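Report on one structure; see the data block that follows.
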Amino acid sequence: MSLFQFTTRRLVFQACCGLKTLFSKKQRFCLKMARPSSNMADFREVFAKSKHIAIITGAGVSAESGVPTFRGAGGFWRKWPAQELATPEAFARNPSRVWEFYHYRREVMLSKKPNPAHIAIAECESRLSKQGRSVVVITQNIDELHRRAGTKHLLEIHGSLFKTRCTSCRNVTENYKSPICAALAGKGAPGREIEDAKIPVEDLPRCEEPGCNGLLRPHVVWFGETLDSDILTEVERELEICDLCLVVGTSSVVYPAACFAPQVSARGVPVAEFNMQTTPATEKFRFHFSGPCGTTLPPALACHETELIL
């Protein structure tokens with residue numbers, strides 16, 4: 001296991017347990033000395049020299065597309081906050097209610113489009129790949145807007161609204177049906193006065209693998225579940241080689257993603273935060289650009305004058 005893998009995993013456990021993070025003297029020095037700058041020209045110079053760029057995105061990048069975040073004040077579906085629906089226990093107790101919630105979210109997403117931030121990231125990846133440079137997007141979002149914008153190198157650490165997993169055979173498959181099953185047609189409206197549909201479990205989405213017919217669940221990481229170890233390993237590998245990291249539209253409070261950029265910064269790699277406001281991690285980064293991501297990100301990732309255009 002690499003040093004980055006070890007410290008990332010250790011940081012996750014320490015953050016969750018409320019323990020003090022252990023850094024080397026060099027890492028502590030980097031964290032202490034970092035002061036966020038909003039100088040776009042300086043950022044652009046760093047960007048022009050970078051060969052491996054990692055972009056970590058959160059709910060803020062999709063909020064500008066009108067995607068509900070279900071976080072903070074007003075983050076309810078009917079009478080319930082997402083934290084009471086997005087759990088294995090909630091699904092075991094009431095799979096009909098949980099599927100109504102996710103059916104609503106799927107249908108909402110089918111009406112949304114990538115915004116200028118998604119498009120700027122995808123266009124940057126495509127352009128730099130022709131120069132022998134790489135861009136990887138590590139997203140906490142499950143809405144697939146990065147994919148629809150054209151991003152190719154995408155790590156969806158929390159899964160996708162448009163994938164299902166069988167609770168029996170564990171098969172994972174893409175699923176873009178609308179509705180996902182006949183029983184959910186017209187269901188899932190979010191109003192507080194609306195009663196549960198109470199759909200029989202046998203009528204909920206079922207596995208189509210030959211001989212299975214098991215109950216499907218959304219292929220997303222719920223509260224209380226761990227991230228896919230293979231994806232986490234790939235994330236760690238990308239963060240180890242990146243020479244520039246962007247943090248876009250994330251509050252930097254949801255673990256383990258919240259520890260990714262601070263760990264990159266701790267080894268001296270420039271980190272730039274693009275967000276509506278500062279976050280608990282802001283002072284650990286070299287740059288901070290305040291404002292809507294769809295406004296601040298396109299000029300940051302636009303073609304630099306020194307780039308060789310192929």
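Yeah, the Cβs are placed from backbone N, Cα and C, and that goes for glycine too.
Because TrEMBL annotations are produced automatically, they should be read as predictions rather than curated entries.
According to TrEMBL, the domain 'Deacetylase sirtuin-type' annotation covers 33-307.
Long-range neighbours of G249 (NAD(+) binding site) (same chain, six or more residues apart, CB within less than 8 Å of its CB): T57, G58, A59, G60, V61, S62, A63, A117, F274, N275, M276, C293. According to TrEMBL, the feature NAD(+) binding site maps to 58-77, 140-143, 249-251, 275-277, C293.
With a 10 A radius on its CB, Y102 (substrate binding site) counts 23 other CB atoms from all the protein chains. Under the heading substrate binding site, TrEMBL lists Y102, R105.
Residues or ranges marked as active site, proton acceptor by TrEMBL: H158.
TrEMBL lists C166, C169, C207, C212 with the feature Zn(2+) binding site. Other C-beta atoms found within 10 angstroms of the C-beta of C169 (Zn(2+) binding site) number 13, with every protein chain shown included.
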Segment-level pLDDT (mean, integer) for the domain 'Deacetylase sirtuin-type' (33-307) | 95
Going by Cα-Cα distance, pick out whichever of the recorded positions G66, Y102, H158 is nearest to C207 (Zn(2+) binding site).
-> Y102
Other residues, Cβ within 8 Å of C166, C169, C207, C212 Cβ centroid (Zn(2+) site) | T167, S168, R170, N171, E208, E209, N213, G214, L216
Could you state the CA-to-CA distance between C166 (Zn(2+) binding site) and H158 (active site, proton acceptor) to the nearest Å?
-> 17
